[in-house]
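Engineer: Quick one: the structure is below, and I'll ask about it shortly.
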Amino acid sequence: MGLWKNFLIRLGLAKKKRSILVVGLANGGKTTLVNRMKPTKDREEDVAPTVGFSVERFSLHKCKLTVIDMSGQERYLDLWECYYKECQAVVFVVDATGGDDVLRESEKMLRGMLRRDELARRPLLVFANKSDVPTALGASDIARAVDLMGAAGDGRAWHIGACSALTGVGIDEGFRWLIGKL
């Protein structure tokens with residue numbers, strides 16, 4: 001990015017453009033989370049599970065975002081790697097109510113994905129979604145269960161936060177952190 005563009009961004013006269021990849025297991029709430037991030041007037045009333053992937057574009061916290069929402073269904077997992085090079089950050093959504101099987105599979109997916117050279121040093125935001133459900137695990141419990149420190153490795157900025165894609169609680173805080181790292 002040129003000096004002039006950087007100067008305008010710092011003054012708030014221009015917005016930086018970034019691509020974010022949103023991934024996680026099926027039914028974790030990825031699409032609902034992406035829908036919640038959009039301006040109120042652009043939100044869908046009913047959110048259907050993503051088939052393959054969907055791309056949304058909107059501004060958030062002085063940043064023009066291209067958000068690539070990837071399906072977590074097993075038959076679409078190979079599609080994820082097609083978008084690794086073009087994204088500047090990764091959001092990994094974990095169903096905090098999913099139980100041990102979901103946590104084990106999430107750890108496996110996260111480790112495999114973060115080993116990829118294309119994602120080296122990309123900031124990682126992990127959401128422990130469905131925090132509005134009384135039985136949901138907290139963010140620190142999810143971090144331990146998926147060995148987030150080990151999976152993220154050295155040199156990668158990462159953050160985990162509890163959220164509810166249905167109510168919006170915790171989402172803004174997470175994205176403020178992420179956009180600050182871009």
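Cβ atoms are placed via backbone N, Cα and C, with glycine included.
Whatever TrEMBL says is automated annotation, not expert-curated.
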Engineer: Select one of G72, G168, G174: the residue that TrEMBL places in the GTP site alongside G24, L25, A26, N27, G28, G29, K30, T31, N129, K130, S131, D132.
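Structural biologist: When TrEMBL describes the GTP site, the candidate it includes is G72.
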Engineer: Could you measure between K30 (GTP binding site) and T50 (Mg(2+) binding site) for me? Cα positions, answer in whole angstrom.
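Structural biologist: Each residue's Cα considered, K30 (GTP binding site) and T50 (Mg(2+) binding site) end up 9 Å apart.
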Engineer: So of G28, T50, which of the binding-site residues has the fewest other Cβ atoms within 10 Å around its own Cβ?
Structural biologist: T50
Engineer: Which residues does G72 (GTP binding site) neighbour through Cβ under 8 Å, counting only same-chain ones at least six apart?
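Structural biologist: Spatial neighbours, sequence-distant, of G72 (GTP binding site): V23, G24, L25, A26, N27, G28, K30.
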Engineer: Do you know offhand how many angstrom separate D132 (GTP binding site) and T31 (Mg(2+) binding site) by C-alpha?
Structural biologist: 17
Engineer: If you count other C-beta atoms within 10 angstroms, which of the binding-site residues K30, K130 is the most crowded?
Structural biologist: K30
Engineer: List the same-chain residues at least 6 positions away in sequence whose Cβ sits under 8 Å from the Cβ of T31 (Mg(2+) binding site), in sequence order, or say none.
Structural biologist: V47, A48, P49, T50, S54, D69
